[in-house]
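> Have a look at the structure that comes next, please.
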Amino acid sequence: MATISPGGAYIGTPSPFLGKKLKPFSLTSPILSFKPTVKLNSSCRAQLIDTVHNLFIGVGVGLPCTVMECGDMIYRSTLPKSNGLTITAPGVALALTALSYLWATPGVAPGFFDMFVLAFVERLFRPTFRKDDFVVGKKLGEGSFGVVYKVSLSKKRSNEEGEYVLKKATEYGAVEIWMNERVRRACGNSCADFVYGFLDKSSKKGPEYWLLWKYEGESTLAGLMQSKEFPYNVETIILGKVQDLPKGLERENKIIQTIMRQLLFALDGLHSTGIIHRDVKPQNIIFSEGSRSFKIIDLGAAADLRVGINYIPKEFLLDPRYAAPEQYIMSTQTPSAPSAPVAAALSPVLWQMNLPDRFDIYSIGLIFLQMAFPSLRSDSNLIQFNRQLKRCDYDLTAWRKLVEPRASADLRRGFELVDLDGGIGWELLTSMVRYKARQRISAKAALAHPYFDRQGLLALSVMQNLRMQYFRATQQDYSEAANWVIQLMAKNGTEKDGGFTETQLQELREKEPRKKANAQRNALASALRLQRKLVKTVTETIDEISDGRKTVWWNRWIPREE
């Protein structure tokens with residue numbers, strides 16, 4: 001079939017890839033003649049739509065494959081791009097990696113949700129208080145971060161009943177308000193039930209921070225341990241009943257297991273949200289009568305490593321009796337925290353590099369040691385123990401070999417208690433009290449330890465036994481083996497192993513004497529030293545300004561009472 005067109009002739013069937021031929025129409029055509037009183041019927045509408053389609057869309061210009069977007073399966077780059085979402089294995093792996101990073105400790109995604117959603121909603125609905133709303137009662141205690149009182153409300157509220165604990169703090173008060181609000185939203189069962197905190201500037205002594213908690217009891221773990229009846233004096237209040245066991249090591253071990261489980265659970269809640277307490281000790285652990293559990297208090301020294309609140313490099317806040325030997329929760333080379341979004345985004349990397357949560361684990365290990373060994377519950381004996389442990393390079397096994405042959409009755413009884421069930425308690429204790437922070441067990445891993453199982457090692461399955469063996473292997477100290485390998489590799493550089501020392505090799509090497517420094521060289525060195533000093537000064541100034549800005553932004557979250 002021949003088709004004649006103004007540009008020439010084409011023999012064959014019309015190509016479906018080319019547009020339909022447009023029929024010329026005159027001005028008198030019924031399509032273009034329009035009168036307001038005449039309506040277009042359905043056939044005219046269809047013809048008009050078809051004409052527009054052929055004019056703008058249906059006109060094919062180019063080769064058929066270009067118009068139809070067909071391609072070659074061999075050369076896949078010529079295939080048309082898919083408009084839909086294509087799921088690939090690398091894409092799925094990348095998405096899972098990103099999600100795991102965002103939810104890794106201390107939690108980037110939960111942190112943004114907590115700061116910009118939960119905190120905002122909480123400020124809208126939480127009750128507010130003023131200093132005049134309280135009737136101050138007896139003084140409960142006084143610490144390094146403030147004075148604590150037992151108070152009641154001057155005007156009863158319908159939804160606020162009972163007694164409260166009020167703390168007046170001047171130093172680190174803003175930090176403690178921030179930490180308690182974070183803990184209340186993320187892990188309320190780990191610490192005391194925080195209600196409200198505000199800044200009072202009306203005092204003549206200067207700005208004062210007031211913090212309010214619900215009253216849950218006055219008993220601390222330190223006070224309970226000082227009793228000669230410990231741990232039996234805790235049995236009824238923590239378990240609700242007396243065990244059907246005679247007084248002895250097995251019954252005491254059950255009570256201590258329960259206390260340790262609650263302490264590790266509270267500590268795991270803090271660490272999961274990025275908070276390091278840095279001052280864990282029996283005096284900062286209270287017993288909540290309502291929940292019948294131990295809770296951690298006094299967050300004035302805590303550091304929020306999710307956004308860098310209260311973290312200052314080369315500065316430490318601790319109690320030397322319970323502090324880990326490294327004294328710092330992060331490497332001293334770690335710089336000051338940047339802005340909050342950047343700090344939160346980088347927090348999982350810094351957490352895995354430093355493992356700051358192991359600092360608190362060492363303190364919990366010493367508390368475990370005090371509960372098992374009655375003679376270590378006094379401050380003087382604890383200080384003496386720390387000195388002995390330091391002389392033993394913080395190796396509990398070496399300390400045991402040192403003191404066990406001439407141990408007192410209390411020490412021997414403590415060793416018998418931790419040796420129950422195949423020594424599983426001693427194994428947990430040695431995994432907590434270690435010199436190197438990276439070799440210590442985490443709070444989450446400690447909760448899964450067989451020590452907290454009722455049947456101990458006998459209740460482990462095959463997979464649990466394999467995991468336990470892997471854990472024991474990874475907790476071993478391979479420093480001696482590493483030193484032996486390094487010494488073997490450096491064999492040629494030691495005179496002891498038949499090689500030459502570095503000094504001897506330098507003497508055997510022929511070399512020209514060093515040139516004396518001239519005036520030009522000295523001037524250049526002085527200029528470089530001055531440049532480094534200027535750069536260091538500018539950097540420190542910028543850090544101070546940055547610290548000031550950081551203090552301003554998170555202080556704005558604290559309510560004020562003028």
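Every residue gets a Cβ built from N, Cα and C, even glycine.
The domain 'Protein kinase' feature in Swiss-Prot is assigned to 134-452. For Leu140, Gly141, Glu142, Gly143, Ser144, Phe145, Gly146, Val147, Val148, Lys167, the entry in Swiss-Prot reads ATP binding site, with the evidence type sequence analysis. The active site, proton acceptor feature in Swiss-Prot is assigned to Asp279; the stated evidence is sequence analysis. Feature annotation from Swiss-Prot assigns phosphoserine to Ser526; the stated evidence is a large-scale study or a structure entry. According to Swiss-Prot, the phosphothreonine annotation covers Thr537, Thr541, on the basis of a large-scale study or a structure entry.
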> Taking the Cβ of each of the recorded positions and counting other Cβ atoms inside 10 Å, which one has the highest number: Glu142, Asp279?
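Sorting the candidates by Cβ neighbours within 10 Å, the top entry is Asp279.
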> Using a 10 angstroms cut-off on Cβ to Cβ distances, just flag whichever of Leu140, Val148 is the loneliest among these binding-site residues.
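Per-residue Cβ counts within 10 Å for the binding-site residues Leu140, Val148 bottom out at Leu140.
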> Taking DSSP as the reference, which of helix, strand or coil describes the residue listed as 'active site, proton acceptor'?
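In three-state terms, the residue listed as 'active site, proton acceptor' counts as coil.
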> Same chain only, sequence gap of 6 or more: which residues have a CB within under 8 Å of the CB of Gly146 (ATP binding site)?
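Residues satisfying the criterion: Lys167, Lys168, Ala169, Thr170, Glu171, Gly173, Tyr209, Leu211, Gly300.
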> Determine, from DSSP, whether Gly146 (ATP binding site) sits in helix, strand or coil.
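The residue in question, Gly146 (ATP binding site), is strand (DSSP, three-state).
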> Summarise the model's confidence over the domain 'Protein kinase' (134-452) as a mean pLDDT value.
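Mean pLDDT for the domain 'Protein kinase' (134-452): 91.
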